[in-house]
């Protein structure tokens, strides 16, 4: 027997085909033939022809299972469900995608318990709990517990985080742990108890297919096939285990080397190579992320859903978003002071008017996406209503709802369509009592903790009841559970209720989202549980045992999901409180959608841009028309060519386009695999894909734990420290020789850049009116800084950075001289890779106005021409005089620091220039003490802003401490430095300030600067680049040939991750 084959949006292709081609007459014939338990030989069961609406015939070779509900089955099932639940929280916060735990629990449960059942004795304490035979019905109990414990996560990737985003609960989830547990209990248990009558109606009477649960039943039966099952089970289990472990380890490693093995920012790489306009690719999020989870999701979803998702990303973020920005209908926010990086993902604004007057592309696209998903789901449901009505008619639907809750006094076993023995079913008293108690509990909790009156609480439960019908019918027919989208209808309903009641905005939003939690959660839980009962129905498992296993799993799910939610939000607070840029590790699209709808339906004025609203209506109508045309005029065999507008709408809501790229790649891989090796595909496909999903999800959980413990990749410089330098080296091999030119002081042209105010032909001697823009870092008594050419209050560094000139301590360079007495402390350090000077003084004597906190100068600038434009730096510290292409200079009225890096692969990182507000002591930790002058040798320090494999970015929520100053040796000191030029001889008329404003910090590294940030990864931090890269052809000897330059550029693209923050 082969494993199930997945199609887009559906579980089993063969089941769907069989269901679509079966006639009512065929159903009746099979109903007559297999009305009761029939003992047949194994050969009579053929999975390709068996009527999947009926239980499998009894296998005479199958062991007799006397204990289907065991401790080991429930325990292992809950553990496996916890893994899937954790994965689903991770995946759901990333993109809103989740996957069911049924097959994962069935296969892994078999792999765990089957060996134990053989290795352990049946007697004794251990044997009583873990030993004894293991059959398909107990395996069904495992997956029942797994399904229940892995469920209800929908709450914590949608409405619950939305409540925190709107400040409706406490600041931190851990302060609301009691409320969260209570709210989850309401949704979870109501759904579990209500599922029992749904089983009788949808599984026994309507005989819905439920593709994935049916696939699970077929898989379990195959695993326990005494003749072929052992071999197949071993292969599937090993495939699942290997893919799970490999992806888990890979995911954890990505936290320590993201730029190498996880994210490849091709647009950023090309931008640094000189293709400046390609930065738009980075700004709109078009880069590659090697995410196995979404590759696996593409394998399971198939071509139609995956490529609809990718097509929606192209439409939304490749066409509409750039058009909106170009035409002034949407706006971005600058993400860097140094580079033309722009964030288009903002969703919250301090000024409410900006929602309509200056929306971000992400906010603008949110409304078309939500409306498309909502209308498409309801349209598809409406077009399937004919099948629903026919099934209801065939089932003999009883509209007397009260009769569902009591025993039929005229019960006749011969006429009972339910083939489960009556004593194995869930007693009516059990589930009716539980349902009643869950309703009472929900009303009490919602009234006391969330300020909902009893009527509103009951209405939310009634909506959950109604949505359950929609979810079960859809999942049973198409294998798609639309609850997350359809449940937004509850927000519209409660929006009207709150306005009718005259509630203020805050209480109205609380009621809106709380009701959504109950409606969506209970409906999702009942839909999952009903599918689980379908698996048991096919395997002839006892519904009573499944029900108990589901209750156990539901209890685990409540505490598990609350704990995971607190863990993830503690590790990544931006989930709940995203910055205005919208940048966050977790995109949380469902959270954004739920919060936006809650704001919209409770606001006095609809906060939707007109152009967005009109587009939403147009695309929504188009989605509805496509559904109608598909159902009425397109043959079913061609339906896979019709776009899945639910996936298209999701792409509008999810700004991370790399997820759709990964899913598209996964679906193509799946298609080719199925074509080239059908047997291998049928055997391993689901196991490999499920292992990828679970492995990355659980790896994400471990990353969150490491982040909370502050030992993740963003905070641990000791772990894999070489990774950023290795990545820098790989890219810099290609980039190191892309400088436009290399000069010496004697052959430099008059100007080296267009728009240059000074000159690079400076001669010798000195001149206090010189416009020389050549600086030197040679020794303790021979160095320069850049400073304003003219005095005056307007000559602050921020105003004059483009026209600064060189001021030096030694005569002979043709520059201006720093007057004696201006420098009160200087400390020259030489390392194997750079030289630097740090110190303090009265720099008002070189035209810097008193009180100016200064700024940063470097050879790049925003346009690549440098600050100052055309400024060159030379040094003889490493031998003969040579140009230093990478350098950075901070100077203020009281403090200065200057570092020039020896050409090499690590020069751009060691002379990083993007931290322009962080100050000297953060960028160049060292000695800033006044009253002393010394020269030392030192080890090469850490690249500024690089912590392990993560790179700090200005503007991040928290600021990491500066790196410690590297150890020094062979120090020599002198009492002073000077050139004989008195202060009065300076051309600066403003040299009247004093050094009293200087701050002395001593030799240890301290944190300074006004910027803020964190140790999290930035896409700009450690990027290597050229001082004035213009794509010129002149390079060093090792890359002298044009062909080698092409190789270098190609290597930079291949190793683009090295340029990623």
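Quick reminder: no glycine exception, Cβ is built from N, Cα and C everywhere.
Feature annotations, courtesy of TrEMBL:
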REGION    1-53  region 'Disordered'
COMPBIAS  28-53  compositional bias 'Basic and acidic residues'
TRANSMEM  73-93  transmembrane segment
TRANSMEM  140-160  transmembrane segment
TRANSMEM  180-198  transmembrane segment
TRANSMEM  237-257  transmembrane segment
TRANSMEM  269-287  transmembrane segment
TRANSMEM  294-320  transmembrane segment
TRANSMEM  364-383  transmembrane segment
TRANSMEM  429-451  transmembrane segment
TRANSMEM  614-633  transmembrane segment
TRANSMEM  645-672  transmembrane segment
TRANSMEM  684-706  transmembrane segment
TRANSMEM  718-739  transmembrane segment
REGION    947-976  region 'Disordered'
COMPBIAS  957-976  compositional bias 'Low complexity'
REGION    988-1036  region 'Disordered'
If you run through the compositional bias 'Low complexity' (957-976) with DSSP, how many residues end up as helix, strand and coil?
0 helix, 7 strand, 13 coil
Taking pairs 6 or more apart in sequence, does the count of Cβ pairs under 8 Å between the transmembrane segment (73-93) and the transmembrane segment (684-706) hit 3 or more?
yes
Same-chain residues near the transmembrane segment (429-451), Cβ under 8 Å, at least 6 residues beyond its ends:
179, 182-183, 185-186, 189-190, 192-194, 196-197, 405, 457-458, 460-461, 507, 510-511, 514, 518, 547
Determine which recorded stretch among 180-198, 645-672, 684-706 has the most C-beta pairs below 8 angstroms with the transmembrane segment (237-257).
684-706
Honestly, do the transmembrane segment (269-287) and the transmembrane segment (645-672) touch, with at least three Cβ pairs under 8 Å and pairs 6 or more apart in sequence?
yes
Considering the transmembrane segment (364-383), which listed stretch of 140-160, 180-198, 294-320, 614-633, 645-672 counts the most C-beta pairs under 8 Å:
614-633
